[in-house]
Amino acid sequence: MAKTKAVAAAPLSALTTPGLRKNGKQWHAQKSAFRPKAGQTSYEKRTLERKAMAAMKAKEKEMKDEKEDERQRRIQVIKGKRAAKEEKERYEKMAEKMHRKRVERLKRREKRNKLLKS
């Protein structure tokens, strides 16, 4: 009986600890068997992943576009304020040199020209 227990214990220990390498390079990591079909996924799973990725990309693009639109709107507001300020300063300089009514007449004329150009 003692022999069978010892024999049963021997293969168990052989399975848990691999022996020495035949080429003598024990410092290298042990390689596992090459199984080319091990990492494959089903077609349905791949299509679901692609749909999820496409939805995520669309959402990201939408968010980026919204952010860029907001940024462009803020830039446009700043440019508009700057243009109005420059125009006001220009009219003030003109008012120093000319009569008030003539400056108002020039303002109206320039606004008409702007509307015609646009």
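Glycine residues also receive a Cβ, built from the backbone N, Cα and C atoms like all the rest.
Quick look at what TrEMBL lists:
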COMPBIAS  83-97  compositional bias 'Basic and acidic residues'
COMPBIAS  98-118  compositional bias 'Basic residues'
REGION    17-45  region 'Disordered'
REGION    79-118  region 'Disordered'
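Proximity of distant same-chain residues to the region 'Disordered' (17-45), defined by a Cβ-Cβ separation under 8 Å and at least 6 residues beyond the stretch ends, is recorded for none.
With DSSP states grouped into helix (H, G, I), strand (E, B) and coil, the region 'Disordered' (17-45) comes out at 3 helix, 0 strand, 26 coil. Across the range of the region 'Disordered' (79-118), the DSSP-based residue counts are 37 helix, 0 strand, 3 coil.
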